[in-house]
Amino acid sequence: MTTVFGVPLQALLGQVLLGLINGSFYAMLSLGLAVIFGLLRVINFAHGAQYMLGAFVAWFLLEQLGIGYWWALLIAPLVVAALAVVIERAALSKLYGLDPLYGLLFTFGLALVIEGLFRWQFGAAGQPYATPDELVGAKNLGFMVLPIYRGFVVVASLAICLAVWLLIERTKFGAYLRAATEDRTLVQVFGVNVPRLLTLTYALGAGLAALAGVLAAPVYQVSPLMGSNLIIIVFAVVVVGGMGSIGGAILTGYALGVLEGLTKVFYPPASSIVIFVVMAVVLLVRPAGLFGREG
Amino acid sequence: MLELGTHEPVPVAVDEPAGPALLEVKGLHAWYGESHVLHGVDLRVREGETVCLLGRNGAGKTTTLRAILGIVGRRQGGVSFDGRDLTRMPLHGPARVGLGYVPEHRGIFAGLTVAENLMLPPKGAEGGMSVDEIHALFPNLKERRTSPGTKLSGGEQQMLAIARILRTGPKMILLDEPTEGLAPVIVQRIAAALRQLKARGLTVLVVEQNFRFARNIADRFYVMEGGVVVDAFGAQEVEGRLDRLHELLGV
Ligand SMILES: Nc1ncnc2c1ncn2[C@@H]1O[C@H](COP(=O)(O)OP(=O)(O)O)[C@@H](O)[C@H]1O
Ligand SMILES: [Mg+2]
């Protein structure tokens, strides 16, 4: 049997793949956080709650209305994005002129309220969400048996990250967004409705979190705290990648997922903290993050 | 309050050519936080004119342009453009009624290519220069289309900053120190471009420290000092005022 540093190759590849699946969620979520932070200068602590809401909307659509997974992929992000528009217009936008701490505290409070309401309604236990029929089953890759849905998650997240990257780097909307990240006032003086751009950007980030939530529903259970468990890791990913760097957030998400998987092979006890160790080292050595511009 | 010691500048009533103004600024005050920077600026620019705002560093020239557009903490007084009251508009309003802005230090975006910088400001209602016309006016911009905006030389950045506003088809542009830090040969090219634009009927309010450049392009001048306009005269009166100008501008 082939081994790498005394570890069977099969086990290694298996963990890399599992790491890639977790990394898919890290990448999608940190991407949304980075987009929001880049333009709004708000650290969106409600991101985990928005991810959870996406999963719950999918669950509700299926349970109450009989609307399945594929429609949920479309509807849930739109519902959560619409909610984000209301939040941004009614509250968040009032805090832009103030210390960024206010935005952070507001979104943190909002997350606690949303998660509290859902715990009160649904309890802490998870609700199962069935894998869509088209993606049931597993494929034997030789080194591991991969559930088809998980493979789909990796491919879907890559496609989503690429689409968002193209949106930001290759479209007019993206050019407004990048320019406004540098100098919001000047972009508005040029005639762009920047307040509306900020609203759309917050909705985009929240919708992206919700989309990740729908993808997560069949993998993890749909539960009120699914977001708060994940979001701490995602914040570490964003810190490592560098706040506000779009490509950096995506790459770092996948890379740290894989690193976490590899750690499970070589030294399992460290796997749950390895990302935070990397974060601490990066903060000491390169505080702006691996891909962030040194301020 | 005497903010400038014993030489408190006094606003002057100046004779100006008659006729309707495209831009009219009346008793404009502006503040940055607690500090009161403009103390009642009056100026008028008629359609098709190139008017130059002179004054020492810190006289309030940049602040005047910013206050016209609304980029100050607080302002008071009247600003009307093409018959519209700019003080009642959101920050994105003036551009949409045809008032373009080329800021001090150019405001080129580092995260955007030259082409993206050029296409960034949304077009106004009518016309504007086509990209081909812009490339004919400033050939350098064509060759450097795909470079990041801030990789251009200072002169090229200034051309880009002017070009991206011309593309939107403004009625008037506010230009803040377009020759700052540029080599004489580039300054001449910018002056040539401005004369070409004037021939097309564009109205310009330009802030300048470079008096030689300003003399070349302007129809009329205002001089600012301590946040007010202290002098105004036409191009033909420049000769007779050189001494006073040297005193006011410290050149
Ligand atoms: N952002 C600002 N905050 C506070 N004071 C400012 C700011 N910008 C300019 N000032 C002050 O306002 C006055 C006028 O500045 P400015 O309009 O930039 O002058 P000019 O363009 O004529 O050199 C100066 O005294 C300057 O120090
Ligand atoms: Mg200035």
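Numbering starts at 1 and runs along the chain as displayed.
Every residue gets a Cβ built from N, Cα and C, even glycine.
The transmembrane segment annotation in TrEMBL covers A:12-35 (among others).
According to TrEMBL, the feature transmembrane segment maps to A:42-62 (among others). With a cut-off of 8 Å between Cβ atoms, the residues of this chain six or more beyond the transmembrane segment (A:42-62) that come close are 29, 32-33, 36, 68-69, 71-73, 75-77, 79-80, 83-84, 87, 92, 95, 100, 103-104, 107-108, 110-111, 114-115, 118, 127, 129-130, 202, 205-206, 209-214, 216-217, 222-231, 234.
Feature annotation from TrEMBL assigns transmembrane segment to A:68-87 (among others). Under 8 Å from some Cβ of the transmembrane segment (A:68-87) lie the Cβ atoms of residues 46, 50, 53-55, 57-58, 61-62, 110, 132, 199, 202-211, 213-215, 217-218, all in the same chain and six or more residues away from its ends.
Sequence annotations record features per position, and here TrEMBL assigns transmembrane segment to A:99-118 (among others).
According to TrEMBL, the transmembrane segment annotation covers A:148-168 (among others).
Residues or ranges marked as transmembrane segment by TrEMBL: A:197-218 (among others). Under 8 Å from some Cβ of the transmembrane segment (A:197-218) lie the Cβ atoms of residues 24-25, 28-29, 31-33, 35-36, 39-40, 42, 44, 46-48, 50-59, 69, 72-73, 76-85, 87-89, 92-93, 96, 129-132, 135, 149, 153, 156-157, 160, 164, 173, 176-177, 180, 187, 226-227, all in the same chain and six or more residues away from its ends.
Here TrEMBL flags A:230-254 (among others) as transmembrane segment. Residues 20, 23-31, 33-35, 37-38, 45, 47-48, 51, 161, 164-165, 168-169, 181, 275-276, 278-279, 282-283, 288-293 of the same chain lie 6 or more positions beyond the ends of the transmembrane segment (A:230-254) yet place their CB under 8 Å from a CB of it.
Distant neighbours of the transmembrane segment (A:266-285): 5, 7, 233, 236-237, 239-240, 256, 259-260; these residues of the same chain sit at least 6 beyond its ends, with a Cβ under 8 Å from one of its Cβ atoms. Taken from TrEMBL, the feature transmembrane segment covers A:266-285 (among others).
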